[in-house]
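S.K.: My questions all concern the structure below.
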Amino acid sequence: MDAIKKKMQMLKLDKENALDRAEQAEADKKAAEDRSKQLEDELVSLQKKLKGTEDELDKYSEALKDAQEKLELAEKKATDAEADVASLNRRIQLVEEELDRAQERLATALQKLEEAEKAADESERGMKVIESRAQKDEEKMEIQEIQLKEAKHIAEDADRKYEEVARKLVIIESDLERAEERAELSEGKCAELEEELKTVTNNLKSLEAQAEKYSQKEDRYEEEIKVLSDKLKEAETRAEFAERSVTKLEKSIDDLEDELYAQKLKYKAISEELDHALNDMTSI
């Protein structure tokens with residue numbers, strides 16, 4: 001009997017230990033599931049962040065494309081401005097040549113005017129000296145007056161042409177200044193676009209590095225998930241084994257209880273037989 005009780009106590013203790021191990025295995029399983037769920041949530045979050053990074057990359061790619069288009073447009077404007085400057089330089093050269101020719105004509109007209117004035121003076125002196133040749137002198141004087149008028153007309157025309165050339169030169173200089181300002185603005189815009197392009201390129205490199213970092217983290221998380229999945233499978237296997245052990249122990253306890261009950265019945269029967277025997281002996 002003592003051996004049976006001791007064995008039952010040991011079996012109950014084994015049962016309690018098995019139940020404790022099963023509960024611990026269940027707790028490990030739940031913790032592993034929670035960790036797996038947390039890692040899945042982190043993975044989803046990282047995927048969202050990666051999607052956001054890809055969206056930003058697309059946005060910066062569009063910005064880079066716009067910057068390149070603006071740069072090409074600025075280069076075209078700068079080229080057009082340079083062509084305008086070259087055209088203006090050619091026009092200025094032509095105007096300067098025309099001005100030189102006008103100045104030469106003006107100098108010739110002034111020289112003729114001076115000669116005509118000298119001739120007029122000589123004519124006046126000749127009129128005083130030789131009155132007998134008045135008619136001839138008058139004709140000569142008329143010719144000289146006509147030449148004088150022509151010289152004055154040439155001089156006036158040269159003055160007008162000179163003023164017109166000077167006015168055109170002022171307009172051309174103003175156009176040249178505006179063209180130079182446009183060229184300077186185009187150069188400044190090109191510099192700004194180049195700086196913006198550098199910034200976009202640096203941001204793009206930073207985003208590529210960040211995406212690479214996210215990819216490395218994702219690989220590391222996948223590895224951790226795999227390890228935790230293996231641990232979860234191992235915990236489930238241990239839990240199943242513990243449950244089978246508990247089932248076996250419970251069956252063993254049930255068998256021992258049945259055997260104990262049978263022994264009690266047998267002991268009761270033997271006790272009754274002994275009582276009957278004692279009663280019979282007492283009756284005798």
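Here the Cβ of each residue, glycine as well, is placed from N, Cα and C on the backbone.
Sharing the record's features from Swiss-Prot:
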MOD_RES   MET1  N-acetylmethionine
COILED    1-284  coiled coil
REGION    1-38  region 'Disordered'
COMPBIAS  12-38  compositional bias 'Basic and acidic residues'
MOD_RES   SER45  phosphoserine
REGION    116-136  region 'Disordered'
MOD_RES   SER174  phosphoserine
MOD_RES   SER186  phosphoserine
MOD_RES   SER206  phosphoserine
MOD_RES   SER252  phosphoserine
MOD_RES   TYR261  phosphotyrosine
MOD_RES   SER271  phosphoserine
MOD_RES   SER283  phosphoserine
S.K.: Within 10 Å of the Cβ of TYR261 (phosphotyrosine), how many other Cβ atoms can you find? Include all protein chains, please.
M.R.: 10
S.K.: Would you mind listing, in sequence order, the residues at least six apart from SER45 (phosphoserine) in the same chain with a Cβ closer than 8 Å to its Cβ?
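M.R.: Expected: none.
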